[in-house]
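**Q** Pulled these from Swiss-Prot:
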REGION    1-267  region 'Amidoligase domain'
BINDING   Ser13, Asp148, Ile149, Glu150, Lys188, Thr189, Lys190, Pro191, Thr192, Gln193, Lys224  CTP binding site
BINDING   Ser13, Lys188, Thr189, Lys190, Pro191, Thr192, Gln193, Lys224  UTP binding site
BINDING   Ser14, Leu15, Gly16, Lys17, Gly18, Ile19, Asp71  ATP binding site
BINDING   Tyr54, Gly356, Leu384, Gly385, Met386, Gln387, Glu407, Arg465  L-glutamine binding site
BINDING   Asp71, Glu141  Mg(2+) binding site
DOMAIN    294-537  domain 'Glutamine amidotransferase type-1'
ACT_SITE  Cys383  active site, nucleophile
ACT_SITE  His510  active site
ACT_SITE  Glu512  active site
Amino acid sequence: MTKYIFVTGGVVSSLGKGISASSLGRLLKNRGLKVTMQKFDPYINIDPGTMNPYQHGEVYVTDDGTEADLDLGHYERIVDVRTSKYSNVTTGKIYQEVLDKERRGDYHGATVQVIPHITDMIKKKIMRAALTTDSDVIISEIGGTVGDIESTPFMEAIRQMRREVGEENVMYIHCTLVPYLHAAHEMKTKPTQHSVAELRSIGIQPNMLVLRAEKPIAQELKNKISTFTDVPVDRIIESIDAPSLFDLPLAFQAQGMDQKVCDFLHLESPKPEADMEAWKKLDERAKNLKNETTITLVGKYVELEDAYISVTDALQHAGYLYDTKIKVNKVQAEDITEDNIAEIMKDSDGLIVPGGFGTRGLEGMITSIKYAREHDIPFLGICLGMQMASVEFARNVLGLKDANSAEANPDTKNNIIDIMADKRDEENIGGTLRLGLYPATLKKGTKTREAYDDQDVIQERHRHRYEFNNEYREAFEKAGMVFSGVSPDNHLVEIIEIPNKKFFIAAQYHPEFLSRPQRPEGLFKAFIGAASGLPAQHFN
C-alpha cells in the first residue's frame, strides 16, 4: 500500500517546504524506498509556462514536456528522481479538467461544486501519481500557507485522503517559522501555535512539525510547542539555517526524521537506515572547495535569483567535480555595449548565455558572445544563447550584417533562426512550444561528443519554438562551424561548436535540467573544465 505524506506550510511563505520535502524524500530513497514527489500550486494559471520569470522564477521542464514549478527542480536534484505531469498540479489544471467534464456531460446534470467535484479531482491527481509510479511513498507539497483562500480546496482534499486510504497510510507534516527577536534575545513560539490552530480548524492534525529557525531551539520551547499543538515532542524537527543545501538531509537524519516517519506509517524499508555516506562526501566537498572560477552569466532576468536557479545549480555541480567554487557574475543583457564589454569580462573565466524569450537584451547577448569568441573565452549557450551565437557568427564571420532571429525581426532577409514549421499557425502562447525529452545524435570527433563520454545519442529536455534555419547550414560549415548534435532525422540542429576554440558550444536544449549534484551534466562538466583549467577530482 502506498503511503502518503502531505507537507504544508504556515506563518510565512518561502520557508523552504520544497527543500524540506526533498530532504525527507532523499532519506527515504536512500533507505531503499521508491519515492515520488508532487507539488500542488494554488494559482489559477494552467501552468507557469506563460508567467513572468520575475513573478514566478524559472519554469522547469520534465521529461514528458510538462512546464512546471521550479520546486520540481529541487525534487529532481536533491532526491535524484524524475518527475512528470503528475508531479505538478495547479488550481487552473484542476478547474479546467472539471469544467471539461461538465461540458461533456460527465456529471449527468449535477450542480458542479468545490466539494465534491474539485476536491475529488485533486484526490484523483494524488492517486494517479501513485498508480503510475508504483511508489512506496508519495510526498505532496501544498503551495502557499495554511489559511490562504487559494489553498482551501487542496487542504480539504488532503483532509479527506486520511479517511479514504486509511489513517495508517497518511501523514501530515507542517512547516512553520520560529522567529528570533534580536532586541529581546528570544525565540517566539506563538506564530507556530497559531499556524497549527489554523490547520486544526480545517480538520487536519499535524503528525510532525518542521520548525525553521535561525539557531537551535531550546528543549523547553519544543515542550511548549508540543503542549499547544498536540504533536509529540520527539516528532518536532528543527530546520536550522545552514551554509549548504546539502546539510539539511544530514540534519534531518541526525534527528531521526526518516525513522520517525517510517515508524508512524508502519513503513518497512529495505535498508534499516539511509546510506548517506556519498552525500556526506558531497557536503564536505561543497564546503571546502580549494579553487574559484568566475563565470559571467548574461541574461534577461538576472535581478531575480530564482530565474536561472537550475543553471546556477548546474554550474556549482560541475564545480564540485573540479574542486572549484563557481562565482557567478550576473549581467543584465540590456546593459552590455561594445564600449563596456571588455570591462565586464575582464575577470571572467567563462561566459554562459541561458534561455529566454522576447527581443529585449538580444544585442547585448550577441555582443558578449562575439567578445568570448574573439578572445577565446570558454562559452556555453543554452536555447536562446545558442540562437544568438548563431546570429553572431552569421553577422561577424559570414558577413551577413542584417542576420537575426525571426523572433526579433520577422522581416529580416537573413533569418538565421526561424520559427518551427509546425508552430507557424499557433495562435496561443501557452503549451505550444517544443517541450520535453528528445534525442540528439552526436558527431564523432567533436568536443560535444567528448563531453558526453563518446555517446552516439543523448536525450535532453527542450523548451523552444524557434530553430536554426537549415538554409544556412552549408555556409556555416564552410566558415568553420560544426553542427555537433542534430536530431536523428538530421532536420533539427541541436548543438553547434567551433572546434578551434578552447570551448565554444551552444545547445538548443536545456542541459541544466538533467544536472545532479553527484552527476554534473556533460556540457556543464566540460565547460567548467575548460573555464577552470583544472583536472577533475572525483570524490564519490
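From the backbone N, Cα and C atoms, a Cβ is placed for every residue, glycine too.
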**Q** By a simple count, how many Cβ atoms lie within 10 Å of the Cβ of Arg465 (L-glutamine binding site), its own Cβ left out?
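**A** Taking all protein chains shown, Arg465 (L-glutamine binding site) has 17 Cβ neighbours within 10 Å.
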**Q** If I take the alpha carbons of Lys188 (CTP binding site) and His510 (active site), what is the distance between them in whole Å?
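**A** Here the two Cα atoms are 44 Å apart.
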**Q** Express the distance between the Cα positions of Lys17 (ATP binding site) and Glu141 (Mg(2+) binding site) as a whole number of Å.
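**A** Rounded to the nearest whole number, the Cα-Cα distance is 7 Å.
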**Q** I'd like to know which of the binding-site residues Asp71, Glu407 has the most other Cβ atoms within 10 Å of its Cβ.
**A** Asp71
**Q** Can you tell me the CA-to-CA distance separating Leu384 (L-glutamine binding site) and His510 (active site), as a whole number of Å?
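**A** Each residue's Cα considered, Leu384 (L-glutamine binding site) and His510 (active site) end up 10 Å apart.
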**Q** Could you round the CA separation between Pro191 (UTP binding site) and Glu141 (Mg(2+) binding site) to a whole angstrom and send it over?
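**A** Spelling it out, the Cα of Pro191 (UTP binding site) and the Cα of Glu141 (Mg(2+) binding site) are 21 Å apart.
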**Q** Report, in whole Å, the straight Cα-to-Cα distance of Asp71 (ATP binding site) from Lys190 (CTP binding site).
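**A** About 28 Å separates the two Cα atoms.
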**Q** So how many other Cβ atoms are close to Thr189 (UTP binding site), meaning within 10 Å of its Cβ?
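**A** Around the Cβ of Thr189 (UTP binding site), 20 other Cβ atoms lie within 10 Å.
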**Q** Considering only the binding-site residues Leu15, Gly16, Thr192, which residue has the minimal Cα-Cα separation from Met386 (L-glutamine binding site)?
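**A** Closest recorded candidate to Met386 (L-glutamine binding site) by Cα: Gly16.
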